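> Shown below is the structure under consideration.
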């Protein structure tokens, strides 16, 4: 995204020359997929793009090495999907030996149900439906286990019995990217089933997780907040929210629910204003951090970037500057940027997660770079849950997996490849929904709300 072709080419060659997955190493299937598999696929797509919008990112004598590496890694992850009675994968796999004999039978909803974008891209690039099929089977298995009463899913499930070990339903850790990938799979692949599942899930989230007044800046009651509830009853389970939930306003932007996104974003920014970071867990009843560390997470930045793209309101540039100054003042270290051990005391840990570069820095850079090719593409690109850029184009919209699910209900008529339309949905993040509603009054209303929230928390 910075147009630095020489460094991109150097990094690609370094990976091709030195990286091997033939190692006796046990990895998390989810993290290996979204961080490693996703990055290999994204780089391959950028290298092979005939238009080269970011500058000359081609590699001399490139022979699809990154795609072959992605295939090799995915094959090594496939044993996680075997020998499970539900089709939901094991959480960990050894790259040489398969599933460890002492492997845990419990996995989280996000970890098992957020593999479809990367596995689907790989399948469609290779013309091999295996990878998309196992990922889609896992999503369908989780979906079939949702509560008959509320339509909600829990956060931890037994992959052999289908029993919900964790009955908490929320938008944060253990659940977040499951919902994100239902929508993004539809955007990328155009499968109507994915959109139907997302719309159903979103309605249930609004019905059971949302608390507070109905409107964002009007009416009586508290500002809107999404809480953690029991998946079977819809009853409140605890009084904390976690920082991962800050991704949700960005997802709401993608479906066109901009007003609710504005309000929820305000809540998280109010917490950031107080501490100069987001604590991993914040107790909204005690008005204090429950888990006080901040590992440089990107979710608030991501939502800020997407809200700016949707509204073009300069307030979000102000938010971005605020976040940038906090990172510079509190997290900068000699050799990079450090996790905050405690958001109040500002003590540091010797740790910098890969998502800081892949997402936090990338979304901040894009927020301020109005003329970036990403913004000039006519919304040709989508970001994976780990911030990797993937082009939305025709080659990903030819289904390979349907024949494997033969015998199931007939699919709805395919959405045309040049259409991504649904109720209240638009993938056009550069669209200004209505300047009269968002651009002019937002800053004063928003700042008053931030000031009120900071006072409350």
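Any Cβ shown, glycine's included, is placed from N, Cα and C.
Automatic, uncurated: that is what TrEMBL annotation is.
Relevant sequence annotations retrieved from TrEMBL are reproduced here:
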| type | residues | note |
| --- | --- | --- |
| ACT_SITE | 31 | active site, proton donor |
| ACT_SITE | 176 | active site |
| ACT_SITE | 280 | active site, proton donor |
| ACT_SITE | 299 | active site |
| BINDING | 385 | Ca(2+) binding site |
> Pop the Cα-Cα gap between residue 176 (active site) and residue 299 (active site) into the table, whole Å please.
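Here the two Cα atoms lie 11 Å apart.
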> Would you mind reading off the Cα separation of residue 31 (active site, proton donor) from residue 385 (Ca(2+) binding site), to the nearest angstrom?
11
> I need the CA-to-CA distance for residue 280 (active site, proton donor) versus the residue listed as 'Ca(2+) binding site', whole Å please.
18
> Hey, how far is residue 176 (active site) from the residue listed as 'Ca(2+) binding site', Cα to Cα, in Å?
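Distance between the two Cα atoms comes out at 10 Å.
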> Count, for each of the active-site residues 31, 176, 280, 299, the other C-beta atoms lying within 10 angstroms of its own C-beta, and report the residue with the smallest count.
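Among the active-site residues 31, 176, 280, 299, the sparsest Cβ neighbourhood within 10 Å belongs to 31.
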> Including all protein chains displayed, how many Cβ atoms other than that of residue 385 (Ca(2+) binding site) lie within 10 Å of its Cβ?
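There are 24 such Cβ atoms around residue 385 (Ca(2+) binding site).
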